[in-house]
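According to TrEMBL:
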- 41-53: compositional bias 'Gly residues' (COMPBIAS)
- 54-63: compositional bias 'Low complexity' (COMPBIAS)
- 64-83: compositional bias 'Gly residues' (COMPBIAS)
- 126-232: domain 'SCP' (DOMAIN)
- 33-89: region 'Disordered' (REGION)
- 1-25: signal peptide (SIGNAL)
């Protein structure tokens, strides 16, 4: 597997390492993995997915809001409607993003001391993860102290070497077995931990996997580990015990969707791609139509590599248009069994 230097063209580099492969793309990097390590590159961070990619146990997911259906059933979503739903979504969005300080780091690169990120910084990163999961209709996750410690050692190694890797060699400055284990099982970024969550959700440069986003929205996620220095962070995502298995998870998610979630990082979701992931429905061969009122909105559809938080996934990139506040986009996916339909209404929560 390869490492990638941070800071390409003034952007932080993101790398995602996959099972037996390393995928590199353009202006950034994020690393994520499944059934091993997976690497994707996106803007500003390296997120890695490692660990087991076992399919989650079938269960009914608890969805925060939104609407949609798979074969006429209750797909992701199922909360309030109209103004009450919009108020609820905006209240959660504004409340959870009101104070997103990175906290402080007690360690030192010079002395190879991993230290720890302060409780407020770790809590803010976890809060963002759960905000995004709530918007997608997924349950909240917690962090695990043992995984936090290994993610912290991972973050020190990435910072000390100014590089991102899911398989750092023993020759690395500040190398530790705990840090190497963290790297093999984590999304990793050349940003502090809170900023890294927004970057993972945008997932620039990871066109073949969108692995960072898919892991954060995965039904098998949890418990996670969160570690951060002033310049790098790791989020342990593999080997989770989550057992949610909704028909599908979409991003942007069905129902009222804050426009700010499209632009939370330097790259917008319209640029990096909408996604649809499932471990219950085979999305291979799917055809996608997006309608805005009576207007067809063309999208370029790409099948994504399996195993990154879901067994199947699609990437849908708007062609010649961008999402607008006040517009409702009706997404129809055919060629699957069952077919999938849902609507996304972009709202202004700022």
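Backbone N, Cα and C atoms are what each Cβ position is placed from, and that goes for glycine too.
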- Query: What average pLDDT is reported by the model for the domain 'SCP' (126-232)?
  - Reply: 98
- Task: By DSSP assignment, list the helix, strand and coil residue numbers for the domain 'SCP' (126-232), in that order.
- Result: 51 helix, 12 strand, 44 coil
